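K.L.:
Among the features that Swiss-Prot reports, Fe cation binding site is placed at His278, Asp280, His335. Per Swiss-Prot, the feature 2-oxoglutarate binding site maps to Arg346; the stated evidence is sequence analysis. Taken from Swiss-Prot, the feature domain 'Fe2OG dioxygenase' applies to 258-355.
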Amino acid sequence: MGSCSPQLPLICLSDQTLKPGSSKWVKVRSDVRKALEDYGCFEAKIDQVSMELQGSVLKAMQELFALPTEAKQRNVCPKPFAGYFSHNGLSESFGIKDANILEKAHEFTQQLWPEGNKSIKMIQLYAEKLAELDMMVRRLILESYGIEYFIDEHLNSTYYRMRLMKYIARPDNDITAAVGANVDNGANDNADGDANVNDDGASIGVKVNVDVGDDVNDNDSVNIGVGVDINVETNVNGHLDAEANGDATAWVVGAVSGNASVGAKEANVDAELGLPSHTDKSLSGIIYQHQIDGLEVKTKEGKWIRVKPAPNTVIFIAGDALCALMNGRIPSPYHRVRVTEKKKTRYAAALFSNPKEGYIIDSPKELVDEKHPRAFKPFDFVDLFNFYHTEAGRRAPSTLQAFCGVSAGK
């Protein structure tokens, strides 16, 4: 089975001889381009982050999440859903803008520990190393398309946001689903929805634990697939009890049969979702899973690849902004988190690069030709982000295409 299971490309970025202009650099540059054109992401073997630093980051995260609730709630941010969130004791997360910059990390520390705390230095150093890795990969990408002149402008037009996440082990009798498209820019907010489904007079209680991502606005509607093996398709309107989410509504789509079991394979997959299928809106993201897996990436053929954590590996994933910048040459892949571990706490960290406000994303002329006609109109990332908050943006099969696609007719 293992040999038949699809896997993401694994690219070694840890070789000390990997320097611009070297033969190794040229080979890796080609591998990165092919992996991103084929999958929109790849696994990276790295040595920029030592095992010792990884262990220190985990301890720092555990220390963060062990703080009293009132202390954690001091992690606030003017940007909606970009600070700390926790609901129902199932998941919680912190957000740190410019986590790679020491001064900004200190500001985050002051929110939680006014007296100071040295452990945050480990997180800042970790973010700094991941940022260096991200910039190297984006440099490789631009070089591979022959637009070296654009590298400095591109790298200087972005900033980073880090997300630290903790998924608490679920009870065996919970059916877990999630909502939250853009993990690239913020927290996962957890909410409850309880619903009863009647089938020939039988009442079946369904509890749904929902992770709501940072980009959910008031009055938003979101679709959640819940696979309960009951053979009768039904729509259940479940209210999201989320303080930060206003009166957003989750539509729970279930399938129920007389035995009310969760035996179907598809039902089990839906029931284990910790974050549903989505594309990121960022330029890029680097994701680290500590020991417990969960991330799955969808291929062009519609197959799901489950990414198993391995020592000294991270996942580089392209977002919608990078897809637009590269004129569609690099896709932003659909991915999800499916939590199958029932008795273990899952920790994960992600660093996302985003265009700065006011910077216009426009494909370089070298990427537009007869074979690759212009696919997207120029846009400000903030406008894309705001469009994503609208009903039209939420309902669109592709937010990017609906917002600025040449075929969108805007």
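Backbone N, Cα and C define each Cβ position, glycine as well.
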K.L.:
What does DSSP give as the helix, strand and coil breakdown of the domain 'Fe2OG dioxygenase' (258-355)?
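P.N.:
Going through the domain 'Fe2OG dioxygenase' (258-355) residue by residue, I get 13 helix, 42 strand, 43 coil.
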K.L.:
Rounded to an integer, what is the Cα-Cα distance in Å between Asp280 (Fe cation binding site) and Arg346 (2-oxoglutarate binding site)?
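P.N.:
Between the alpha carbons of Asp280 (Fe cation binding site) and Arg346 (2-oxoglutarate binding site) there are 21 Å.
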K.L.:
Would you mind checking how many other C-beta atoms are within 10 angstroms of the C-beta on His278 (Fe cation binding site)?
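P.N.:
There are 22 such Cβ atoms around His278 (Fe cation binding site).
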K.L.:
Out of these binding-site residues, His335, Arg346, which one has the fewest other C-beta atoms within 10 Å of its own C-beta?
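P.N.:
Among the binding-site residues His335, Arg346, the sparsest Cβ neighbourhood within 10 Å belongs to Arg346.
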K.L.:
Could you measure between Arg346 (2-oxoglutarate binding site) and His278 (Fe cation binding site) for me? Cα positions, answer in whole angstrom.
P.N.:
20
